[in-house]
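**Q** My questions will all concern the structure given below.
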Ligand code: NAD
């Protein structure tokens, strides 16, 4: 089996390494931060332990998966013999473009270069390389070991062969791949983010309170989590930046981010990662409404 190189070992990168290693692929996991790599290996081991407890895998399978992962702080040696590179570094267009230029220089000509980007155009990333037909989006969902979907994004120049190879790989990971074309937000975020934005508008206009809006969507639409709580989990800054990609990409005012969202991000209120968003996450709580705010 050809080697899989994963660049970026944060939230998504460690999950992607987990699923490839568990399905028998040799993995090279790269991060500029040695600390991030150490934390990633601990997270993977912890998540594999959870799978053992649920009797989904055996302890031997865990050990095999962990020993299939090698870690690197630079990309040069990590990309030797890679059949596929999955990039999962921070969502920064300049960082990704420069990384794809380097990958194009370093990787063998038949290596497929995939990005896990949530919102940056695959065609734009591909245009930074001399192999745009071999560049594709492989958009895993968080948490990667649990979520079944992989959105496979076909850039303007991505070949059918590249798309088919990545679809097959995703199936080998027991995921369900769905092929989509490269337009802003692809499918998942094009539909999810306007829903979250509309929920924030409903708070902003006093249509209902935070808990009430989330309850309507949970109990009325069978969503496992309300849109405002989901926004807190994704990160309000991430939601804002994806909405801006939609707004800029389509030039349509229906994607304009709600001023309340802009205000919250400006104030550093980012959701779970900052301790509060539409809910408070201090003192171990998960969905305590933020006192005195967002009243009807
Ligand atoms: P993260 O911040 O948790 O991790 C990013 C990692 O990339 C960090 O460990 C950082 O040290 C590393 N990094 C930065 N520059 C690097 C470089 N030049 N070389 C190697 N490593 C480098 O980010 P994340 O949440 O895992 O997101 C990664 C990508 O996945 C983004 O493009 C994001 O849009 C996308 N994504 C995120 C989610 C999510 O829910 N978090 C879901 C789907 C897609």
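Placed from the backbone N, Cα and C atoms, the Cβ positions cover glycine too.
Bear in mind that the values here come from a model prediction, so they are computed numbers and not experimental data.
OK, TrEMBL features for this one:
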DOMAIN    3-182  domain '3-hydroxyacyl-CoA dehydrogenase NAD binding'
BINDING   8, 9, 10, 11, 12, 13, 31, 91, 96, 118, 142, 273  NAD(+) binding site
SITE      139  site 'Important for catalytic activity'
DOMAIN    185-281  domain '3-hydroxyacyl-CoA dehydrogenase C-terminal'
**Q** What counts of helix, strand and coil residues does DSSP assign across the domain '3-hydroxyacyl-CoA dehydrogenase C-terminal' (185-281)?
**A** 66 helix, 4 strand, 27 coil
**Q** Return the residues near residue 142 (NAD(+) binding site) by Cβ distance under 8 Å, restricted to its own chain and a separation of at least 6 in sequence.
**A** 11, 12, 15
**Q** At a 10 A cut-off on CB-CB distances, which of the binding-site residues 8, 10 has the highest count?
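**A** Neighbour-count leader: 8.
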**Q** How far apart, in Å, are the two Cα atoms that lie farthest from each other among 8, 9, 10, 11, 12, 13, 31, 91, 96, 118, 142, 273, the residues recorded as binding NAD(+)?
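**A** Max Cα-Cα spread across the NAD(+) binders: 23 Å.
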**Q** Within 10 Å of each Cβ, count the other Cβ atoms, then let me know which of the recorded positions 96, 139 comes out lowest.
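**A** Result for the recorded positions 96, 139: minimum number of other Cβ atoms within 10 Å at 96.
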**Q** Measuring Cα to Cα, how many Å separate residue 31 (NAD(+) binding site) from residue 139 (site 'Important for catalytic activity')?
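**A** Given the Cα positions, residue 31 (NAD(+) binding site) is 19 Å from residue 139 (site 'Important for catalytic activity').
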**Q** For residue 139 (site 'Important for catalytic activity'), name the DSSP secondary structure in the helix/strand/coil scheme.
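**A** Residue 139 (site 'Important for catalytic activity') sits in a strand per DSSP.
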**Q** Got a sec? Which of 8, 10, 31, 96, 142, the binding-site residues, have CB under 6 Å of any ligand 1 atom?
**A** 8, 10, 31, 142
